[in-house]
Amino acid sequence: MENQSNDISKCPFHNGSMDNQAASGTKNNDWWPKQLKVNILRQNSSLSNPLSKDFDYAEAFKTLDLEAVKKDLHVLMTDSQDWWPADFGHYGGLFIRMAWHSAGTYRVHDGRGGAGAGQQRFAPLNSWPDNVSLDKARRLLWPIKQKYGQKISWADLMILTGNVALESMGFKTFGFAGGRADVWEPDESVYWGSETTWLGGDERYNNGSDGVPKDHGVVSADDDADGKVHSRNLEKPLAAVQMGLIYVNPEGPDGNPDPILAAKDIRDTFGRMAMNDEETVALIAGGHTFGKTHGAASSDHVDKEPEAAGLELQGFGWKNSFGSGKGADAITSGLEVTWTKTPTQWSNNFFENLFAFEWELSKSPAGAHQWVAKNAEAIIPDAFDSTKKHLPTMLTTDLSLRLDPEYEKISRRFLENPDQFADAFSRAWFKLTHRDMGPRARYLGPDVPQEVLLWQDPIPEVNHKLIDENDIKQLKEKILNSGLSISQLVAAAWASASTFRGSDKRGGANGARVRLAPQKDWEVNNPAKLAQVLSKLETIQTEFNASQNDGKKVSLADLIVLAGSAGVEKAAKDAGSSVTVSFNPGRMDASAEETDVESFGYLEPKADGFRNYRKTKSAVSTEELLIDKANLLTLTAPELTVLLGGLRVLDINADGSKNGVFTHRPGQLTNDFFVNLLDMNTQWQAVSNDKELYAGNDRSTGQPKWIATRADLVFGSNSELRAVAEVYASTDANEKFVNDFIKAWTKVMNLDRFDLA
């Protein structure tokens, strides 16, 4: 549109006809809500990162005066601000909740969530109903973050602040490790649930809570029980009972104040965060030793969450019109509970009160279900008036620790043995706040505890001389002369390395746990064939190590990766390309005693599109599961594409099928997968009722050519993936394909090599 007259009154920008410009209007996702979310493979690029490309957070953290930061945090704890005054004159309870809710989003099934990237700063977490008032906690921290700049990330600072809060109130913590680098945008890969209302649970459970209207529902009290308790079969990978909660509803299931039923929710959700019963009791009781909840009045007084609040609030949300809107008038959860007589001092008073009184159901001023002690005196201090005392109160979920038989045994033991309680809480708190950091190799700082814990997936430190280039060459020759095929070598290496999850940094080739339970028995690894490969590689390892006289050794973990790399080189050579796959020795072999079988069970892939494997049917499509797997492997869309295409022609399908093996020369590293997938002479049609298998027939003659899965055809169907596939299908692409495949392959093999970084 052109304004020929130069009359500004006719300019569409100034007259409102072009008010909505870049990134506005109806989006692709509005038209096609089930469109494949390839976008999760291009998160956290340099385009969103304001720091220089050569910034190394680990190196920056090493220059931090951690003691000075902790000293400043100690001062902050009792430096009450008029704009958000501290309960009992101490911010400890608020900061413990901030750290807990930062870490507590972690879940074991996919390793996502957790404190590792400072996601509490971004939507949706910054606006969850369970995070009301944590906007204030982070703003209280801003002067300290501002002072130390990029030497400490928000992710580390939030957890450190929780530790200092505990220490400032007389508790000895287990330790602290830095190393959590910030990201600069929300993580779009996390599935938080399908509900479209806050506090909804109708999708994650059968007949669950409907939640509350979108423009309201900022506290759990808004979701009141209707007397029905739905099926408690929580959807995986979720670890929270309702949309916008961290774990459980403190009033009980869907607001039903039943401590026994609540215990079932607690056990399920805390278990999905990797906590056993003892750790769960310790965490709840330890956290509730401090501070209070806030429910001074109805949530009708509370305005919109941060992401929906006005510009003038500058990132604050939940503006409260009741009284002063702060201090004694604060509204957070809608509950009004202070658990102990000394809410700013570590004690055993939580358990003392829990068992000393009988409890009757009551309601907070906001209308939330809570419990009050019967026949008790007012012994609980007021947060802002030293002349006031209150009756002891508890949450429904607190009473679960007394009324659930298993929790009750642990709680009584902690009541009678305060030292055991303190030790259990210190360990559980450390696990809570460090669970998603991965191996100890990532831990930074002087406060890292020396004790090695099983949940850290320990791997022995290198205690021998590493192999050199000549050794690598000789070992490759032995591997290629062992009788093992290229596909066997590549498949074993992929099975070992592809367990890595970028979410919680677990899994990977280091440790060679592919030879141990449970991984050696996973269906996706084709146990019988895997055992053959490992047996021959172990023989090569034993012979090599026995032949050395200078202390040099090769670990099986290194040898598995080296074997895969040798297979890739041979496959490229057989296709006419002379290449070298880079290899860095230094992996070690973990023992069965260093491996938590149950915990590693969560790493078993329900689907691995790279091996054309899918274990069970689910509501999630095969292609969505492929994107999810690629995201966990930290792959970009081009890396996903070139890797899958290369692995197909290398013939490593889990079941040995020819699905997607679009080549007449399997075992050679060629771009045949892409050439044949995009061949217009092939016509595809579903050959299974579930549309998981497709036949590719000659368009002219009808003669069968190929069999494919959804994980194959998506590279011709999805417009973004097809655009990449076309690059690798081009006649000039062979060299690029081989080089890009090797680069992506090496990346996966080294995903857990934090020592190389």
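Even glycines carry a Cβ here, placed using N, Cα and C.
Looking at the stretches 1-28, 645-672, the one that Swiss-Prot records under the feature region 'Disordered' is 1-28. The two recorded residues, His101 (active site, proton acceptor) and His288 (heme b binding site), show a Cα separation of 14 Å. Spacing of His288 (heme b binding site) relative to Arg97 (site 'Transition state stabilizer') is 10 Å (Cα to Cα, whole number). Classification of Arg97 (site 'Transition state stabilizer') by DSSP places it within a helix.
A 10 Å cutoff on Cβ-Cβ distances gives His288 (heme b binding site) a total of 24 other Cβ atoms nearby, all chains included. Once Cβ contacts within 10 Å are tallied over all protein chains shown, the recorded positions Arg97, His101 are led by Arg97.
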